[in-house]
Amino acid sequence: MQKDNSAPSTPTSARARHRRRSNEFPADESKTNGHLLLVNDHNKYRSMWIRACSSLWMLGFFLLVIYLGHLYVLAMVVIIQIFMARELFNLLRKAHEDKHLPGFRLLNWHFYFTAMLFVYGRILSHRLVNTVTSDKIFYRLVSRLIKYQMVICYFSYIAGFMWFILTLKKKMYKYQFGQFAWTHMILIVVFTQSAFTVANIFEGIFWFLLPASLIAVNDVAAYFFGFFFGKTPLIKISPKKTWEGFIGASVATTISAFVLANIYGSFQWLTCPRKDLSAGWLHCDPGPLFKPEYYPLLPWLPSTEIAILPVQWHALWLGLFASIIAPFGGFFASGFKRAFKIKDFGDSIPGHGGLTDRMDCQMVMAVFAYIYHQSFVVPQDYTVETIMSEILSSLTLEEQQILYMKLGQILQERMFGRN
């Protein structure tokens, strides 16, 4: 009779086995891709129901945040980034090594919040100054913090760097330096896209909402087209993706871009840029992009006209990018997960995985939306409006007063010179 040498089951080992079952790929997934398509999945209706319920819950929460305004959208982005960082930090973490490195997890978060202070401080500094101009004491305090913000961030990072060096342990060097490199890669990925996302928000919620909506539309359309019609596998690293889903989603996303731009563009609250950090409702001149132009629906009947916002033509390019290029962010994430033999980055959203699984394409899209807006939407010629906007957003109140006095002196000298 053979002796059973297996160790007794413990709650910890049971949880570890459960994580492997729920988060790793099944053993037969390395075979052909055909049986993995949604049309061949016997549990597809149950998974679709779970996914639909989660999507409706997220949609309701998202719409509420959008209604509350710029600051709440910013807060939502920050919270999502914290959860994304948590999921990515845990990806390469080993419990056995962490037991011998007390405080090592805290070091990761030290670097994270230092990077957050640097990135958001640079983006929001002038808007913060514009918000506190009415209180002289608070205004001086904020101005000093902004002036020395880079120094504060630098020495905070150096403190973390010294902390890391002092915690190095023999036989743990490889693991510690691997975690150090992984932490910095996470900071680059998360905060590069976050800088563009926040910039889009303050250019007008429209430039955040439309790209994010197009990625969601493309994801949903690809799922349903693949669910009902998917027959031809699209790419090996993501075996459930099909050509039918990809093409159907591309058409649906491009049409949706044109329609959604018209809907969003009709709300002044979404189109106005935010120059400070207050939470009040915005009223502004919508600008030529959001003023309708009329085109004859039938050339031989000029009376039949259709109103189109100029921004809708820009939206078509965003829709094409969201449907053709942005999905490659998802393909990259799929390949990354396969490299580490995991199914999802997390399990915070039932039916969807983790927040990182939902944000893979959004990160690519946010960067493109900002670059497109700055390159093709923002007027390149200097106008009174653009110069005034730059003055209000870039100069402190004292600097604006000095500029006002000097400009007044120059105008007086020119007027007297003519006389």
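Just so you know, glycine gets a Cβ as well, placed from its N, Cα and C.
Feature list (source: TrEMBL):
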COMPBIAS  1-13  compositional bias 'Polar residues'
REGION    1-29  region 'Disordered'
TRANSMEM  56-85  transmembrane segment
TRANSMEM  106-125  transmembrane segment
TRANSMEM  145-168  transmembrane segment
TRANSMEM  180-199  transmembrane segment
TRANSMEM  205-230  transmembrane segment
TRANSMEM  242-264  transmembrane segment
TRANSMEM  311-333  transmembrane segment
Which of 145-168, 180-199, 205-230, 311-333 contacts the transmembrane segment (56-85) most, counting Cβ pairs under 8 Å: 180-199
Of 106-125, 145-168, 180-199, 311-333, whichever stretch has the most CB pairs under 8 A to the transmembrane segment (205-230): 311-333
Considering the transmembrane segment (242-264), which listed stretch of 145-168, 180-199, 311-333 counts the most C-beta pairs under 8 Å: 311-333
